[in-house]
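So the structure is just underneath, and the comments pick up after that.
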Amino acid sequence: MCFPLPSNSFKTMTDLDYMRRAIALAKQGLGWTNPNPLVGCVIVKNGEIVAEGYHEKIGGWHAERNAVLHCKEDLSGATAYVTLEPCCHHGRTPPCSDLLIERGIKKVFIGSSDPNPLVAGRGANQLRQAGVEVVEGLLKEECDALNPIFFHYIQTKRPYVLMKYAMTADGKIATGSGESKWITGESARARVQQTRHQYSAIMVGVDTVLADNPMLNSRMPNAKQPVRIVCDSQLRTPLDCQLVQTAKEYRTVIATVSDDLQKIEQFRPLGVDVLVCKARNKRVDLQDLLQKLGEMQIDSLLLEGGSSLNFSALESGIVNRVHCYIAPKLVGGKQAKTPIGGEGIQQIDQAVKLKLKSTELIGEDILLDYVVISPL
C-alpha cells in the first residue's frame with residue numbers, strides 16, 4: 001500500500017536501500033503469514049518511492065498486490081524491489097507476476113528465489129518473457145534470513161523446529177530443588193512471548209506440565225496464539241491442568257503412543273486433540289509427530305521442553321535452530337538440571353554442531369542464536 005512519504009526524502013537512496021526498506025516492510029508480517037512467507041515490496045519511479053506493501057496475513061494480498069492496488073500513480077516504467085520472487089500461479093490470490101506486467105513495471109529486483117515448486121524460477125522467467133528486466137540475488141542473504149521457516153516447510157512439509165531454553169551462566173535450567181522462575185529477566189521473557197507469536201505451535205513434555213502447569217500462550221498484546229502441544233507418551237497429563245482446562249480457548253494437542261481409549265476419550269469433551277503416534281523406545285517417535293504436524297499445516301514448532309525432551313529432539317534430528325538465553329547468575333549443584341539431559345553422547349566428534357548466527361544483549365541476559373549444521 002502507499003504510505004505518506006516526505007517530498008524528496010528518498011532522492012539519494014540506492015538499490016540496496018530500497019531492498020532494505022522492502023525487508024523492513026516484510027518483517028511487519030511476522031507471525032501472521034504462516035505458512036506463507038514474509039515478503040516486502042517497494043516500487044520506485046523517477047528516484048522516488050511511489051508504492052510499497054507487504055504480505056500482511058495468510059489469505060491476504062501478497063506484497064506486490066498490496067503495493068500496486070493501493071497506489072493510484074501510473075507505474076509505467078517503474079522499478080520494483082521484492083524480497084521474494086513474485087508468484088506466477090493462482091492460489092488464494094491471482095499471480096503477482098501478471099500484475100507487475102500489467103502495470104508496466106520495467107525492472108524488478110528480486111532478493112530470494114522461491115523454492116515453492118509452483119514458482120521455482122517461473123515467476124522471474126515470466127517477467128523476462130514479457131520484456132521486464134529482472135535482477136536476482138539483491139541482498140540475497142538478508143532476504144533469505146526472512147524465511148527459514150517457509151523455505152524448510154515448503155521443501156520438507158515438516159515444521160521448522162526452534163529449541164529454546166534459558167540457563168544460568170553455569171549452565172543450569174533450574175536449581176537442585178527444581179525452581180526455575182525466573183532465570184532470565186523481564187526483557188528476555190518478553191522476547192520469548194514475541195517468538196511464541198511468530199511460531200505456529202509450541203511444545204513441552206508432560207514432565208513440564210506436571211512440574212509447572214504452564215499456559216503456553218503468547219502474552220504479547222494482540223498476539224496470534226500458537227497451537228499448544230504436549231509430548232505425553234503414556235497420557236499422564238492431568239485433566240485439571242491449565243492446558244486442558246483452556247483447550248476450548250486455545251487449540252491443544254497431546255501427542256502419545258498410548259492406545260488406552262478410555263483415557264483418550266476423557267480429553268476429547270474438554271477440547272483436546274489426542275494424536276496417536278508411532279512409538280520409538282516406548283516413547284513418541286518425534287519424526288512421526290513432525291510428519292503429522294506438517295500434514296496439519298503447522299509450519300513451525302517452538303520447543304520449550306525440559307532436558308529430557310530436548311535431548312530426545314536432538315537425538316531424533318528434528319531441531320533446526322537453537323535459542324540459548326544466558327542469565328548472569330550462578331546456582332551450582334550436582335542435582336541441578338542442565339538444558340540437555342538424556343544419555344548424552346560418548347564422543348566429542350559425535351556432538352551436535354551449531355553455527356552462531358547472532359549474539360544479542362537483552363536487558364542483562366544474552367541471547368545466542370544458533371542454527372544446527374550437523375545433527376546427531
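A Cβ is built for glycine as well, from the same backbone N, Cα and C atoms used for every other residue.
When pLDDT values are averaged over the region 'Deaminase' (1-157), the model yields 88. Residues annotated as region 'Deaminase' in Swiss-Prot: 1-157.
Taken from Swiss-Prot, the feature domain 'CMP/dCMP-type deaminase' applies to 13-135.
Summarising the annotation, Swiss-Prot assigns Zn(2+) binding site to HIS62, CYS87, CYS96. Cβ environment of CYS87 (Zn(2+) binding site): HIS62, PRO95, CYS96, SER97, ASP114, ASN116, LEU118, VAL119, GLY123 lie under 8 Å away, each six or more residues apart in the same chain. In the three-state DSSP scheme, CYS87 (Zn(2+) binding site) is classed as coil.
Residues annotated as active site, proton donor in Swiss-Prot, with similarity to another entry given as evidence: GLU64. In the three-state DSSP scheme, GLU64 (active site, proton donor) falls into the helix class. Taking all protein chains in view, 30 other C-beta atoms sit within 10 angstroms of the C-beta of GLU64 (active site, proton donor).
The region 'Reductase' annotation in Swiss-Prot covers 158-376.
Every protein chain shown contributes to the tally, and the Cβ of LEU309 (NADP(+) binding site) ends up with 24 other Cβ atoms within 10 Å. Per Swiss-Prot, NADP(+) binding site is recorded for ALA166, TRP182, THR208, ASP212, SER233, GLY306, SER307, SER308, LEU309, ASN310, PHE311, SER312, and the stated evidence type is similarity to another entry.
Look at Swiss-Prot and you will find SER180, ARG196, LEU216, ARG219, GLU304 tagged as substrate binding site. Long-range Cβ proximity for SER180 (substrate binding site), meaning a same-chain Cβ under 8 A and a gap of 6 or more residues, is found for ILE173, ALA174, ASP212. In the three-state DSSP assignment, the secondary structure recorded for SER180 (substrate binding site) is coil.
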Next on the checklist: In whole Å, how far does the CA atom of ARG196 (substrate binding site) lie from that of LEU309 (NADP(+) binding site)?
Outcome noted: 18
Item to check | Position of peak Cβ density within 10 Å, selected from the binding-site residues HIS62, ARG196, ARG219 | outcome: HIS62
Item to check | Cα-Cα distance linking LEU216 (substrate binding site) and SER307 (NADP(+) binding site), given in Å to the nearest integer | outcome: 17
Checklist entry - Could you give the Cα-Cα distance between LEU309 (NADP(+) binding site) and LEU216 (substrate binding site), in whole Å? => result 16
Item to check | Shortest C-alpha distance to GLU64 (active site, proton donor) - which of the binding-site residues ALA166, THR208, SER233, GLU304, PHE311 | outcome: GLU304
